[in-house]
Amino acid sequence: MPVNPALTALWPAPHASGAVDATVHVPGSKSVTNRALVLAALAAEPGWLRRPLRSRDTLLMAGALRAMGVGIEEGVGPDGSGEAWRVIPSGLQGPTTVDVGNAGTVMRFLPPVATLADGPVRFDGDPRSYERPLHGVIDGLRALGARIDDDGRGALPLTVQGGGALEGGPVEIDASSSSQFVSALLLSGPRFNQGVEVRHTGSTLPSMPHIRMTVDMLRSIGAQVDTPESGGEPNVWRVTPGALLGRDLTVEPDLSNAQPFLAAALVTGGTVVIPDWPARTTQPGDRLREIFTEMGGSCELTERGLEFTGSGSIHGLDVDLGEVGELTPGIAAVAALADSPSTLSGVAHLRLHETDRLAALTKEINELGGDVTETADGLHIRPRPLHGGIFHTYDDHRMATAGAIIGLAVEGVQIENVATTAKTLPDFPALWAGMLGN
Ligand SMILES: O=C(O)C1=C[C@@H](OP(=O)(O)O)[C@@H](O)[C@H](O)C1
Ligand SMILES: C=C(OP(=O)(O)O)C(=O)O
């Protein structure tokens, strides 16, 4: 995706001169788009993906699947409405090379797919991808019969020696550093000879809504999945081998990327409407209705979408974000502007996300005059009057949007490399300006 050089420098975060009043159409969900691409590629027949997110992470996923022989064509959808991708599965091929960028979904969901290719698939990515944990996928796949060449660190780069099929069966992994280990093994599970039974052995498991999203999407494409919630053992998921159907799926807006816009309503005491907010969803961003209400806003789902209104005051809160870790940077930004302290907990694993998010948030908010301290599993945030300055983003899209939230209330905040938002929301600067009426 071409990057506008002007945006890689310093971007003056717009300061809000009054209450925002806007409707913001948020592009599709990264997590849904990348699961849908993998499942459609593994299906027995072609399928449609409508309103897919087109961002760095999803274009990397599409590019990787194409490199393995899957057809992904531009189209307008079976009923002629909306942009769509037509996904045409085929025998998966190697040798090939996959660039994962810094996309957790690509680096974790695709090695299991590559075991089904008929030759080697090499995985490489951004420098940060070498530091992000992958041991659950590597060790798990080896236990299920895969051959993988790596350097023994449990991380990228690596080569999966695809053998055209994988035996599958029961496997134990510790997914306490990423729920994506569980999702990765489940998504390809229907195509393994014996299916897969994943048992998580660690003490904590983050991001449960994302595992539910995996299970829901598997079921919707014809897979049989047994889960702890459907009467199975705690921490055990079982996928039966079987063919997957070609479906016509419309991607929901990315509710985690709706966060900065909802935050703008909260911070400025205004109103923001997000059209197409789903009435029922597995996306973790749906928790924002409750969290931002506790922080001082109010919201209603109407036929226009989610209407969120700020009251003019922002309150701190004590909250365990273990299930919804990707919301932490945006919540921390709002908490730094609140009228009382906050404690965010349950998110130790954020140290291994796009950057060490706990360290990055602490440093950047404190450099604007804030008072944030890291705890063992989160942040203590004591609001103080903030001043302008440079907000560094460490190639982390959610750091950039967190800085933009602070900039609404604090004059003179400059975001370094706002273009990093292209990971999941390439239109962010324009959407932000549009919301502010600029
Ligand atoms: O499966 C997914 O789509 C995701 C799962 C979560 O990962 P972790 O469990 O590694 O936090 C989340 O933070 C990430 O943004 C997307
Ligand atoms: C953690 C995130 O991404 P990834 O899918 O790369 O893990 C995120 O988007 O907040």
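The backbone N, Cα and C atoms fix where each Cβ goes, glycine too.
Features reported for this protein in TrEMBL:
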ACT_SITE  Glu326  active site, proton acceptor
BINDING   Lys30, Gly104, Arg132, Gln180, Arg357, Arg398, Lys423  phosphoenolpyruvate binding site
BINDING   Lys30, Ser31, Arg35, Ser178, Ser179, Gln180, Ser207, Glu326, His353  3-phosphoshikimate binding site
DOMAIN    17-429  domain 'Enolpyruvate transferase'
Span of Lys30, Ser31, Arg35, Ser178, Ser179, Gln180, Ser207, Glu326, His353 around 3-phosphoshikimate - largest C-alpha separation, Å: 19
Cβ-Cβ neighbours of the residue listed as 'active site, proton acceptor' (radius 10 Å): 26
Residue from Lys30, Gly104, Gln180 whose C-alpha is spatially nearest that of His353 (3-phosphoshikimate binding site), among the binding-site residues: Gly104
By Cα-Cα distance, the member of recorded positions Lys30, Glu326, Arg398 nearest Ser179 (3-phosphoshikimate binding site): Glu326
Those recorded positions in Arg132, Ser179, Gln180, Ser207, Glu326 whose CB falls under 6 A of ligand 1, listed in sequence order: Ser179, Gln180, Ser207, Glu326
Euclidean distance between Cα atoms of Ser207 (3-phosphoshikimate binding site) and Gly104 (phosphoenolpyruvate binding site), Å: 13
Assigned conformation of Arg35 (3-phosphoshikimate binding site) - DSSP reduced to three states: helix
Spatial neighbours of Arg398 (phosphoenolpyruvate binding site) among the recorded positions Arg35, Ser207, Glu326 [C-alpha, 10 Å]: Glu326
Distance-selected binding-site residues near ligand 2 (C-beta under 6 Å), from Arg35, Gly104, Ser179, Ser207, His353, Lys423: Gly104, His353
Neighbourhood of Arg132 (phosphoenolpyruvate binding site), C-beta criterion under 8 angstroms, separation at least six: Asn102, Gly104, Met107, Ala155, Leu156, Ser178, Leu352, His353
Averaged pLDDT, computed only over the residues in the domain 'Enolpyruvate transferase' (17-429): 97
Using Cα positions only, nearest of the recorded positions to Gln180 (phosphoenolpyruvate binding site) (Arg35, Ser207, Glu326): Ser207
Spatial neighbours, same chain, of Lys30 (phosphoenolpyruvate binding site) - Cβ under 8 Å, 6+ residues apart: Leu53, Ser55, Asp57, Thr58, Thr105, Asp254, Ser256, Asn257, Thr424
